[in-house]
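Q: According to TrEMBL, the protein carries these features:
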type     : residues               : note
DOMAIN   : 9-95                   : domain 'Ribonuclease PIN'
DOMAIN   : 161-232                : domain 'Putative WW-binding'
REGION   : 206-228                : region 'Disordered'
COMPBIAS : 207-227                : compositional bias 'Acidic residues'
DOMAIN   : 281-353                : domain 'Nin one binding (NOB1) Zn-ribbon-like'
BINDING  : C291, C294, C306, C309 : Zn(2+) binding site
Amino acid sequence: MAASRVLHVVADSGAFLRNAALQDIGVNIHTLRDVVTEIRDKETRRRLAVLPYELHFKEPSTESIQAVTEFSKKTGDYASLSATDIKVLALAHQLEVEHVGREHLRAEPPQKVTVKATAQHPEAPVNIAGFHFPCKNLPKNEDALLAQRGPGDLPQKADTSQFDSFLFWRSPLPSIEDELMDLMNAQAVSLSSNEEPLMDPVVEGQNDAEEELPGAESASEEEDEEAGWITPGNIKQIQQDMGVREAPVNVVVGCLTTDFAMQNVLFQMGLHVLSVDGMLIRQTRNHILRCHGCFKTTSDVTKTFCPHCGNMTLKKVAVSVNEDGSLQMHFSKNPKVLNPRGMRHSLPLPQGGKHGVNPLLVQDQHFPQQRLSKKARSKTDVFNPDYVAGASPFVENDIYSRAANLQIRDGALGAGRRRVNPNAPKKKCVKKR
């Protein structure tokens, strides 16, 4: 293990909570003070007090934080990351730039998933046994075949190709139709025959074999049942065979985290991602956005509203691309994914005025400009006879207007051309002759 240790390892809180052996994974262990502060578990904090290795605390640079923030917005994981998560990613980015370089780091996430819309509903049932789904555009030859078919003809067997596309770790069960037919024929013959069945000749030593047979059968059945299943004993070997994880070799900087959003950002940026047992992760989850209102999908993860129906009903869905290039979506069985919070009661009436606060419902919704009052926007005119210096105790400040109560500050003040009221009175600049 010492030969394949990573030179610099950035540890997230998941590494300490899972009690990862960081001294066997990396040479120099880096983390943030915010990561240690957010750990509330007593056992974990007790282990942090007596670590068998030195823990280096380092803060990331502003440049790395900005780069990671912009990249996470492009991948669509920014909403799933906290401030501490972004700092951990920025620290890994900074160490990679310092010790390896920035030439291999990506500034744009690679486009891996291309969504193509089809006319068929993605969840529409197809060829279900016992149900009839007539085709709208039926060819002429099929009409003739349907007319020639008699009432006694059996319907064709339902196509089960959609169920054959799923991949299982368990080998498919053998077909028992032939054995069942043989058994039924044997029972029919025994019932029709009045002869008594002949006793099989008893061989010496057969009883001992029969006594041992149930145990042997149970052992073989257990072996057959365990074959093909993922167990804690063979999961590492299966992941290495699939190419998902491998031992880190010649890795200078790696980030150890258990957060899928952080792993996705690190992997797409070109940084190394480590697991809790020190293996190098080579494959992460890809996501697209799927509208649960119109069931359309889009690969632009920066969208907030559905580009087809315009509603705020987009949800992240894990996807994978099959060998034939088809897209396979993996839905969650957790009912909390579609949280109905806020859907029980009706929306409040929209507020008017220049400081109205209304919920964001559509993409092209107009919002108030949140402008300051006229007194607060008044310019400093030192030649005005009524001008009072700001340090004077008799200066008038805007404290009663709605903008002042909402603590609105004009950020565009003095920064280029501002949008002013076109109906406001202006000074006429007339050149004197």
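Glycine residues also receive a Cβ, built from the backbone N, Cα and C atoms like all the rest.
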Q: What are the helix, strand and coil residue counts for the domain 'Ribonuclease PIN' (9-95) according to DSSP?
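A: Summed over the domain 'Ribonuclease PIN' (9-95), the classes give 52 helix, 12 strand, 23 coil.
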Q: When the domain 'Nin one binding (NOB1) Zn-ribbon-like' (281-353) is classified with DSSP, how many of its residues are helical, how many are strand and how many are coil?
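A: Split into helix, strand and coil, the domain 'Nin one binding (NOB1) Zn-ribbon-like' (281-353) gives 3 helix, 21 strand, 49 coil.
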Q: Are there any residues in the same chain, six or more apart in sequence, whose C-beta is under 8 angstroms from the C-beta of C294 (Zn(2+) binding site), and if so which?
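A: Result: C306, H308, C309, N311, T313.
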